[in-house]
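> In case it's useful when we look at the structure, here is the feature table from TrEMBL:
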ACT_SITE  H177  active site, proton acceptor
BINDING   G11, A12, G13, A14, T15, G16, D35, N97, L120, T121, N122  NAD(+) binding site
BINDING   R84, R90, N122, R153  substrate binding site
DOMAIN    6-144  domain 'Lactate/malate dehydrogenase N-terminal'
DOMAIN    149-302  domain 'Lactate/malate dehydrogenase C-terminal'
Amino acid sequence: MFTRHKITVIGAGATGATTAHLLALKELGDIVLVDVAEGIPQGKALDMWESCPIEGLSIKVLGSNDYEPTANSDILVVTAGMPRKPGMSRDDLLKVNADIVYQVVEKAAKLSPDSVIVVLTNPADVMAYVAQKASGFPHHRVIGQAGVLDSARFRTFLAEALNVAPKDVTAFVMGGHGDDMVPLVRYSYVGGIPVEKLLPKDTLDAIVQRTRTGGGEVLGLMKQSAFYAPGSSLAEMVKAVLNDERRVIPAICYLNGEYGEQDIYVGVPSILGGRGVEKVLEVDFTGDEAQQFKKSVASVRKPLSMLQY
Ligand code: APR
C-alpha cells in the first residue's frame with residue numbers, strides 16, 4: 001500500500017526545482033513537479049529521481065504538465081510565477097502572479113482537498129491570500145513563505161558579525177515580505193544571549209538594513225532571484241508540516257484579530273504542524289515596532305485592494 005507522503009511542487013523553475021531536490025534529499029516523500037513548460041518538469045524530475053540510488057533514497061520523483069498525477073498530495077508548494085527582474089518591484093509582479101497562482105491552486109486543490117498549501121510566489125503575502133480564495137481551504141491550511149527566508153538572512157548576517165555558528169543565532173522577521181519587513185532585534189539571541197548585548201547599535205542597524213534588502217542584493221549580483229535559501233526555507237516548512245513538528249517558525253499566516261488585524265495574510269511567528277498553522281504567536285511590540293508592523297501591514301493591504309478577491 002502507498003504510505004509515503006506525497007508532495008507536489010508547482011513551478012519547476014529555479015526555486016521549485018531546488019526545493020524539490022532538497023525535499024528529495026530529506027526523503028520526506030514522493031515528489032510531483034508540475035510546470036507549464038513542456039519537458040522541463042519531466043526532465044528535472046527524472047534527473048532527480050536518477051540521483052536516488054546514489055543518495056540512498058527510497059522515493060519517487062515525477063514531472064508533469066498536468067495535475068492528475070498530483071492527486072491526493074499531502075502538501076502543495078506553489079512556486080509558479082514570473083521571477084522579479086532587476087529594477088522591478090515585488091508589486092509589479094502582482095497581477096501576473098495572482099492570475100497564475102489562482103489558476104494553479106484552483107486546479108491542484110480540487111485534486112488534493114485535504115492538503116496544506118505553502119506559497120512562495122511573490123508578493124507572497126498577497127499570493128497566500130489569493131491561494132486561500134482559489135482553494136477555499138480553511139485559512140490555517142494555507143501558509144506563505146517569507147519569514148524563514150528573511151530570518152535566515154538576518155541570522156546569517158548576525159552570525160557573520162559575531163563570528164559564530166549561524167545555527168546558534170535565533171531571530172525573527174515579521175511583517176510583509178518587502179522593504180517594509182520588520183526584523184526584530186529585541187527578539188534575537190545567540191546561544192540564549194540577546195544580540196543587543198553583544199553588538200553595537202550601528203552594527204545592528206546595518207544588519208537590519210541589509211536584511212531588508214537581502215533579496216535585492218542577490219538579484220543585483222546574479223540578475224536572477226535567489227533560489228537556494230528560498231528552497232531551504234520551503235523545505236523547512238514542508239518538513240514541519242509533514243512531520244507535525246510544531247516548529248516555532250515565522251510564516252505568512254491569516255490574521256483574524258491577532259495583532260489587531262483582520263482578513264489579511266502577513267508574516268508573524270507561528271507554530272507550524274500537521275494542520276498547517278497550529279497557532280499564531282502574539283509578541284509585545286515597542287511603540288516603534290508596532291508602527292513598523294502597521295506600515296508593513298499597510299504595504300500588504302494596498303496591493304490586495306488592487307486585486308479584488
Ligand atoms: N503553471 C505552472 N507553472 C508556471 C505557470 C503556470 N501557470 N506560470 C509560470 N510557471 C513556471 C515557469 O514556467 C517557471 O518554470 O513557474 C516557474 C518559475 O520559475 P523561475 O522563473 O525560475 O522563478 P523562481 O526564481 O523559481 O521564482 C518563482 O517566486 O520569488 C518568486 O517572483 C518569484 O514568482 C517567482 C517565484
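Including glycine, each Cβ sits where the backbone N, Cα and C put it.
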> Return the members of L120, N122, R153, H177 (the recorded positions) with CB less than 6 angstroms from at least one atom of ligand 1, or none.
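Close enough to ligand 1 are L120, N122.
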> Using DSSP reduced to three states, classify T15 (NAD(+) binding site) as helix, strand or coil.
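Note: T15 (NAD(+) binding site) is helical by DSSP.
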> Based on DSSP, name the secondary structure state of H177 (active site, proton acceptor): helix, strand or coil.
coil
> Reduce the DSSP letter at L120 (NAD(+) binding site) to three states and note it down.
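The three-state answer is coil.
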> At a 10 Å cut-off from the C-beta of L120 (NAD(+) binding site), count the other C-beta atoms across all protein chains.
31
> If you average per-residue pLDDT over the domain 'Lactate/malate dehydrogenase C-terminal' (149-302), what number do you get?
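Looking only at the domain 'Lactate/malate dehydrogenase C-terminal' (149-302), pLDDT averages out to 94.
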> Just name the winner among G11, G13 (the binding-site residues) by count of other CB atoms within 10 A of its CB.
G11
